[in-house]
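Student: Pasting a structure here, questions to come.
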Amino acid sequence: MVKLPEIIESHRPKISPETDYSTLSNYKDFKVENSNLNIELLFNEQKIIGNVTYQLLALNSIQKITLDSSFIKINKINVNNTLAQYQINERVEPLGSSLDITYEAPRESSLELSIDFETTKDSTAIQWLKTETSTTDSSDYVFTQLEPIHARSLFPCFDTPSVKSTFNAIIKSKHPVVFSGLPISKDSSDIYEFEQRIPIPSYLIAIASGNITSAKAGPRSTIYAEPNRLQDSINEFEQDLEKFIKIAEDIVTPYIWSTYDILINPASFPYGGMENPNITFVTPTLISYDKSQVDVIAHELAHSWSGNNVTNASWEHFWLNEGWTVYLERRITGALHGEAFRQFSFIQGWNDLINSIEALPKFEYSKLVQDLQKGKIDPDDTFSSVPYEKGSNFIYHLETKLGGLKEFDPFIKFYFTKFQQKSLDTYQFIDSLYEFYGNDQSKIDILNNIDWELWLYTPGLPPKADFDTTLVDNVSSLVSKWISKATEFKEIEEFKEFFTKGEPKSLYDGFSSPQKILFIDSLLESQPSSDFWLNNSKASDSLLEIYPDLQDSKNTEIIFRWFKLKLLSGKSQYYNDLSKWLGTVGRMKYVRPSYKLLNRVDRELAIETFKKYQSFYHPIAANLVKQDLGL
Ligand code: BES
Ligand code: ZN
């Protein structure tokens, strides 16, 4: 280990990787050799019941085994086939109830810990729902979402990304089941078996079951979806999957997970995507009928390296997962669409970063390395674009400073090989930079001159790179025309005359989907004052009329932004449309800001809408919206 610049050394923890305080378990006392889940999904009772068995090796002499749990009932615990005493401790927010199992054992002993448990209605990890798979039919469905700290609400575990284990799963269900591992051929009709031979942390476990059908979507890929969405999903993703995997293998290392599948969840799925190993879970809102949201798939696929293989050791270092993943996502889509496209994506991401820093509940949360205050702060509360955008900008900054792709690419391979199947913190990442470039004094000088303090520990925007604006310039040009004409023209006819002909028209007609998204964002951002479109009502009316393709878009990235424009322009005739739309999407990226907007213009409608759809939303999403609305 080389000595790093003073500012980093002054933050470096005594132990490496840094302790994860978002777990109550005594995970450092054990190595988990294997985990075995044997459970049954009970749709009528909305609970999961069964057993989890751990093969443990004690790394120290121990008095007890402490696991994480949250809203879980324990029925029986055995250690080495003997009944064990246990105690569920009182809840500590936000971490849940630790589970103490009394057992004395010397260092290096092997233990088999077997726990019979069941989940409860309060589990934050599971959503049970009825979905409409056709107009006449409704069907049971269940899915889990465990990142960051909800695994403990599905089964008792060492719920920390610092602990990895191989898994076996036997899942009984009356409906087809998918799992974050490889399926094993089945003999009985309602028993589904899987195995995950690569050690993974608990947050990457995922289960879904329902009327799930599937079709092949590439040599290594299958798409799973309810029947009414299967064909659309195949059309949307099939062409890109194998291309993405090959490009990523080229940039990083060979794909180790064998298969890369996708499950299209029902609309209440609270994220765009979740990188569950072997089977990425996504929201159906990615189906936009023009492949304009495949970047989310590139993102989740990239997690197969950053996150799932090389993992952040605690949620304070979450940027190592997401920043690296956004960086790789843009390398993948950039390889397909060109460097100008990659640069464009960074500029779009920069706008997201500005917006999300503004929306943060605390400015402190905009640091790259988070301070979760020894477990007191819930990682769900600090979630934002910061680890994604500041993180990927940081990697990009290193790429450019160190001499561009030719100099940086070998480091990518080095880093992802060095830390494969491991969990690490920011210090180990920086150590590895110094290690890799250690023989080259000019590179070490460059590293010594990086403003680590600013990037890692200072809240707010980092320095902005000098991105290539080729794909942005046309957008900016049309936006400035709108801003200047908005105050000049008085009648809709004047706007139409100007914007539906000649240069303004040909500019717009040349926009790709990502450019249209930037167009709306820029209209909303580069306005001279926050009530610009409200004060220039004829201009906003004209916008809505002149671009019917934005009005009719099936791309939720556009739908959401178009609503934003309508509401900020005070067009009350659209409030009800937004309210209705909020009953069809559960992705938090749209739901939370939409409620905040609606609340601003019509609080009564916001509350009425939330009450109506509360049970449709995922429990985590519902909770956050409740907080956002101050209910
Ligand atoms: N791992 C995240 C989703 C996540 C993060 C779930 C934190 C729970 C806690 C996933 O890879 C992700 O980043 N999804 C994004 C996609 C986007 C950045 C392309 C999303 O859902 O919007
Ligand atoms: Zn991600």
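We number each residue from 1, going along the chain as drawn.
Yeah, the Cβs are placed from backbone N, Cα and C, and that goes for glycine too.
Keep in mind that TrEMBL annotations are predicted by a computer and have not been checked by a curator.
Computed from a predicted structure; not experimentally measured.
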Student: Check TrEMBL for me: it has His299, His303 binding Zn(2+), so pick out which one of Glu316, Glu322 it puts in that same site.
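Tutor: So the Zn(2+) site in TrEMBL includes His299, His303 plus, from the candidates Glu316, Glu322, Glu322.
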Student: Under 6 Å from ligand 2 by C-beta, which of these recorded positions make it: Tyr271, Gly273, Glu300, Glu322, Tyr388, Met588? Sequence order, please.
Tutor: Glu322
Student: With H, G and I counted as helix, E and B as strand and the rest as coil, say where DSSP puts Gly273 (peptide binding site).
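Tutor: Reduced to three states, the DSSP call for Gly273 (peptide binding site) is strand.
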Student: Rounded to a whole angstrom, what is the C-alpha distance between Glu147 (peptide binding site) and His303 (Zn(2+) binding site)?
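Tutor: It is 13 Å, counting Cα to Cα.
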Student: Gln145, Gly273, His299: which of these binding-site residues put a Cβ within less than 6 Å of any ligand 1 atom?
Tutor: Gly273, His299
Student: For His303 (Zn(2+) binding site), which of the three DSSP-derived states applies: helix, strand, or coil?
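Tutor: SS state of His303 (Zn(2+) binding site) = coil.
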Student: Where His299 (Zn(2+) binding site) and Glu275 (peptide binding site) are concerned, what is their Cα separation in Å, rounded?
Tutor: 8
Student: Looking only at Gln145, Leu146, Glu147, Pro270, Tyr271, Gly272, Gly273, Met274, Glu275, Arg587, Met588, Lys589, the residues listed as binding peptide, what is the longest Cα to Cα distance in Å?
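Tutor: Maximum Cα-Cα distance: 17 Å.
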